[in-house]
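Student: Okay, handing you the structure first.
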């Protein structure tokens with residue numbers, strides 16, 4: 001692993017190696033990096049959890065993190081992403097986390113610049129560390145992904161998570177089903193009735209309704225969406241005993257998920273965020289060590 | 001002290017313990033924290049002095065500080081403050097300083113989240129570390145607050161400082177008087193003639209005229225305000241010999257205070273800012289040690 | 001050297017001392033600072049390369065860097081630059097890098113505040129660390145500046161670089177010529193035909209066309225400008241063998257320079273950015289050590 005831009009870069013073995021290293025970090029392992037490194041996190045779209053999660057991971061690895069304010073950088077003067085990254089390479093940055101609204105932004109970078117590139121989310125395309133933390137959370141729960149039934153529910157066509165997760169989960173042996181209204185399924189096959197999958201799911205992974213990506217003519221009111229595709233208290237009661245609830249956040253309370261369920265016993269929502277730090281530590285350390 | 005959200009949380013003994021620890025830090029004491037901690041400063045309103053003062057205090061305590069850009073966070077996607085704080089808790093933040101425009105924002109957090117919450121200013125409500133640094137500055141000057149006459153002058157109804165200070169100073173034995181135009185006294189008793197209090201005050205604490213909180217129909221021109229309620233050169237000459245001038249900043253030169261007085265012999269304005277760092281170190285250390 | 005605000009502050013000997021210290025840092029020398037210092041970088045105008053270059057230099061010198069968000073500071077409440085700097089002095093900042101749109105902003109600060117002031121670019125006036133890194137890059141190439149012919153080409157009247165460089169390069173023995181359209185030469189003597197200087201230049205230093213400072217009625221289309229004053233592939237072929245191309249960045253590809261030339265053999269563009277870190281380390285260390 002030389003960079004991480006998409007889950008398709010990773011074999012099943014590599015995914016499991018990340019998961020196991022994340023678990024070691026969770027248990028208190030300390031960084032094996034032998035040099036001092038400098039990183040920067042370039043977030044061209046708003047983010048709290050992913051940006052601060054990477055920042056925490058980097059600090060825990062004793063990496064020096066330079067601040068980068070995307071809203072105040074030379075990209076405002078029309079500089080291309082490639083040119084910005086070459087500048088950062090020149091001043092001595094070893095690795096970059098980048099979130100960018102353009103799908104596959106990294107194609108202009110991989111193989112052309114020296115710093116490690118880690119994709120922190122590109123447009124509606126990939127968000128590989130989110131997939132990895134989801135996989136880690138499921139593995140932590142069940143010890144395996146083999147034959148686990150995972151229902152990904154909601155705004156499938158606009159979700160980075162759905163795309164990133166679909167192939168990886170399947171490759172690890174899970175059975176993935178998308179559940180959404182017909183107009184939101186994009187290129188995916190999907191089940192259009194949430195109630196069909198409740199009892200049979202080991203994992204119900206709710207997606208955020210992306211208000212900011214729809215253009216205002218969504219055919220649902222919040223109440224109607226909650227009724228038809230939200231995880232309601234009533235639906236939660238029908239889930240099987242061992243099954244869990246996940247959500248990548250940020251969530252819309254009482255839209256895709258009932259407010260009371262956010263911190264219920266089945267919910268792994270904040271656990272996912274904890275796991276994100278360990279997974280990111282694992283990814284960064286593995287890539288940097290691999291280049292040493 | 002488990003959090004610090006309001007001066008009413010603190011007994012007179014606790015206030016004096018903070019002051020004395022601040023003095024030790026000023027004299028060069030080093031942090032007694034036995035673990036490494038991570039903090040973040042969440043400022044949802046503009047600030048230079050308070051934010052950087054906390055940041056400096058944290059660095060001097062060897063605390064790791066994660067950057068948080070409020071203008072670029074998931075609160076833009078409609079996330080509640082509680083949910084944002086739960087995210088930060090999940091990624092492992094130990095303590096948070098929060099400034100927020102909403103009065104008593106902390107009520108949704110205290111007792112419900114793990115990180116320490118320190119109020120960096122809420123709406124027109126509280127600003128406890130400002131009160132503590134004011135108290136420290138007065139104590140440093142006179143060795144006591146007992147019977148000291150403190151006149152708080154200006155935009156009383158919009159001032160966090162006035163509210164936070166009123167009770168605490170009184171509890172420590174000081175005699176506090178508010179001085180302002182009738183339309184700005186809010187729920188406070190106030191003297192409406194500045195000239196009545198000049199000679200008798202040990203401390204004249206000027207407040208910032210909060211242009212940005214008035215709605216444009218202030219009844220004063222800057223010149224008229226300066227004449228009626230500003231600390232003019234003429235008024236300063238009538239102050240008694242040992243008395244001092246304070247201002248929480250940022251100040252409007254030649255509105256609430258004559259520009260020439262900002263750095264005059266009586267002025268403790270920049271001393272207050274120095275003291276702010278030590279007081280904040282004391283508060284953070286005491287809370288974190290108390291939880292160890 | 002007590003501050004660095006303009007190249008005219010520096011003698012030729014001081015310039016060469018900075019260059020030689022920068023070279024030592026490039027070769028791996030480590031900081032000789034005997035105390036721990038705290039700095040802040042105040043950029044009131046957008047910047048990636050200069051801000052991050054300073055930040056990297058400071059970190060490499062083991063200096064603690066406090067974040068400062070200019071778009072979110074008390075300057076929004078109308079605070080003067082002097083008052084903001086006095087606040088930072090009070091909280092204990094040792095040195096400041098400031099970029100500000102106002103020419104000679106530093107005149108209100110030098111001799112009046114304690115922190116070291118390093119000019120990171122003022123209006124269209126000075127940008128001394130850019131000049132120093134340019135000089136270092138030329139020195140690195142030729143071992144001397146004596147008799148080197150340097151053509152500075154482009155938007156001369158709006159360029160900080162042109163002003164800062166003009167005198168310093170000349171003082172070090174270089175022969176400096178400005179090349180630009182008549183309407184852009186400001187107070188400088190200039191050659192108005194680029195083709196006249198190609199073959200005779202040791203260094204062709206292209207300037208950025210400052211779209212954001214022109215008011216929309218520029219008399220050139222991008223294509224016309226590229227044809228008349230851009231460094232085209234055809235012009236590059238006519239440069240003499242040992243000569244080099246420089247550009248302070250950020251560059252407009254295919255406006256002032258052909259995209260293919262950015263990383264050509266003659267280009268020192270990204271080398272300049274590397275050198276910027278070492279030059280800034282040298283400046284900061286020399287000033288701080290001088291004050292110890």
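Our numbering is plain: 1 for the first residue shown, then up by one each step along the chain.
The backbone N, Cα and C atoms fix where each Cβ goes, glycine too.
Whatever TrEMBL says is automated annotation, not expert-curated.
Annotations per TrEMBL:
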- A:3-139: domain 'Aspartate/ornithine carbamoyltransferase carbamoyl-P binding' (DOMAIN)
- A:49, A:50, A:99, A:127, A:130, A:249, A:250: carbamoyl phosphate binding site (BINDING)
- A:77, A:160, A:208: L-aspartate binding site (BINDING)
- A:148-286: domain 'Aspartate/ornithine carbamoyltransferase Asp/Orn-binding' (DOMAIN)
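What does the local environment look like for each feature on the list?
Tutor: Non-local contacts of residue A:99 (carbamoyl phosphate binding site) by the CB criterion (under 8 A, 6+ apart in sequence, same chain) comprise A:42, A:43, A:44, A:45, A:47, A:50, A:51, A:119, A:120, A:121, A:122.
A C-beta separation below 8 Å, combined with a sequence spacing of at least six in one chain, links residue A:208 (L-aspartate binding site) to A:154, A:155, A:159, A:247, A:248, A:249, A:250, A:251, A:252, A:256.
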Student: Just checking: which of A:49, A:127, A:130 have a Cα that is within 10 Å of the Cα of residue A:160 (L-aspartate binding site), counting only these binding-site residues?
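Tutor: Near residue A:160 (L-aspartate binding site) by Cα: A:127, A:130.
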Student: Treating G and I as helix alongside H, and B as strand alongside E, what does DSSP give for the domain 'Aspartate/ornithine carbamoyltransferase Asp/Orn-binding' (A:148-286) in helix, strand and coil?
Tutor: 59 helix, 22 strand, 58 coil
Student: What is the number of other Cβ atoms found within 10 Å of the Cβ of residue A:127 (carbamoyl phosphate binding site)?
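Tutor: Looking across every protein chain shown, the total is 27.
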Student: Using the Cβ centroid of A:49, A:50, A:99, A:127, A:130, A:249, A:250 as the reference point for the carbamoyl phosphate site, which residues of the same chain not in that list have Cβ within 8 Å?
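Tutor: Same chain, not in A:49, A:50, A:99, A:127, A:130, A:249, A:250, Cβ within 8 Å: A:47, A:53, A:121, A:248.
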Student: Averaged over the domain 'Aspartate/ornithine carbamoyltransferase Asp/Orn-binding' (A:148-286), what pLDDT does the prediction give?
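Tutor: So the average pLDDT across the domain 'Aspartate/ornithine carbamoyltransferase Asp/Orn-binding' (A:148-286) works out to 91.
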Student: The record lists A:49, A:50, A:99, A:127, A:130, A:249, A:250 as binding carbamoyl phosphate. What's the largest Cα to Cα distance among them, in Å, rounded to a whole number?
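Tutor: Taking every pair of listed residues, the largest Cα separation comes to 16 Å.
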Student: When a 10 Å sphere is centred on the Cβ of residue A:130 (carbamoyl phosphate binding site), how many other Cβ atoms does it contain?
Tutor: 25
Student: Among all protein chains shown, how many Cβ atoms are found within 10 Å of the Cβ of residue A:250 (carbamoyl phosphate binding site), not counting that one?
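Tutor: Here the count is 22.
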Student: Which of the binding-site residues A:49, A:50, A:127, A:130 have a Cβ less than 8 Å from any Cβ in chain B?
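Tutor: Listed binding-site residues meeting the cut-off: A:49.
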